[in-house]
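Here is what Swiss-Prot records for this protein:
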- 20-40: transmembrane segment (TRANSMEM)
- 69-89: transmembrane segment (TRANSMEM)
- 97-117: transmembrane segment (TRANSMEM)
- 149-169: transmembrane segment (TRANSMEM)
- 178-373: domain 'EXS' (DOMAIN)
- 216-236: transmembrane segment (TRANSMEM)
- 242-262: transmembrane segment (TRANSMEM)
- 291-311: transmembrane segment (TRANSMEM)
Amino acid sequence: MALIEDLNHFINYFPLVLRLFFLVVFGLYSFTLILHLLVINRVDVFSLLHTPLPVNRSQQANAPLWQLSFSLSILGTLLFVIAESLYLISGSDELAYVPVFIFGVIVFMPVHKFWFFQRKVFTRQCLRILGGSYRPDYKFPDVIFSDLLTSYSRVIADLWLAGAILIYVTDSPNNSHRKQYENEVIMSMIAAYPYAIRFRQCLIERSSADNSSDKFWSTLNSIKYFTAFPAIFLGIFAKKRFSFLWFLWNTSSAINSTYSFWWDVSMDWSLPFFKQPLSIQNWKFGVRRLFPTFTFAVVSAIDFVLRMAWVVRVLPEHQSAFFTTDFGIFIMQFLEVFRRCVWVFFRIEAEASKSLAYVNISDRSDIPTIHPD
């Protein structure tokens, strides 16, 4: 208990808005690293993501997308340090919001500077996805970003709480105001919206499919996202441990996590582990993959553990209570963002293996790609 109190005291040095900002900056660094690792493994990631190709496709330093991601990572780090310094010096978290706001303005500002074209494409992608749609010729990057939003769903919901704290809190920011100002209904609706986006995208994909097989798999994919809704909303009412609603909540979480894990491995990563798990022949890949089977097995195990992180709720009450504290919630959000970053890397790797999107070290191309203008 003393350790938990110490951790909660430590997290109070980082107000909620900075914890959320940290997760955004971490995601940017992770994406930059993903691009780097894919490029050094000869994956034509910039073509897969429909971004302008650099002159030398094997050098990510020339790619505008990599340059923007890396620059935003550095900028985010500097603004985070400034925001934290302002918070520690002033003792008020209002000033900490200013650098975070500046970061958002820089990302979306309609100024022809700082990789304007890439930011414009990203802004239009955000507007398109928030409307629950995607461009058929831009499907892969849209789906990647939409799935990324599902892992940031609780982070996005906490933005509402951060806004409420900014508006209503007048006392010491060192106190946790989560229980006082969080609205579970509103925050659950916000958290569910990214899943609703993917659910609608799957229905659109199903309606436009040309054959029954594509319709079938699109239907199964839509069911995966639909199973997230009970896991989100039942938590509002399942307050009493071992009640019927509590068991129903955990059951729905188990169904969603297991289904999503199977889809991650079998469909998104195109791994054959679940065809006949006891047959070693089915653990061999029929197409080019970047890593040996053991690597994929380890990553799949990590994905399973992180998908099942919700089981902390069934721990003894004195242990599960830690994950309802500010520090515990932050750790769970961080682990989910980390899991999604790993998923993104291997999702792009799987797409490259299916489409043979690899480049030769001497391959040079200045052919532009189509963007959703």
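Cβ coordinates are placed from backbone N, Cα and C, and glycine is handled just like the others.
Quantities reported herein were computed from a predicted structural model and do not represent experimental measurements.
Within the chain, the transmembrane segment (149-169) has long-range Cβ neighbours (under 8 A, six or more residues past its boundaries) at 15-17, 20, 23-24, 27, 93-94, 97, 129, 177-178, 181-183, 186-188, 190-195, 197-198, 225, 228, 329, 332-333, 336-337, 339-340.
Mean pLDDT for the domain 'EXS' (178-373) in this predicted model: 87.
Here the transmembrane segment (97-117) has Cβ contacts under 8 Å with residues 17-18, 21, 52, 64, 67-68, 71-72, 75-76, 79-80, 82-83, 86, 123, 162, 166, 371 of the same chain, all six or more residues outside its ends.
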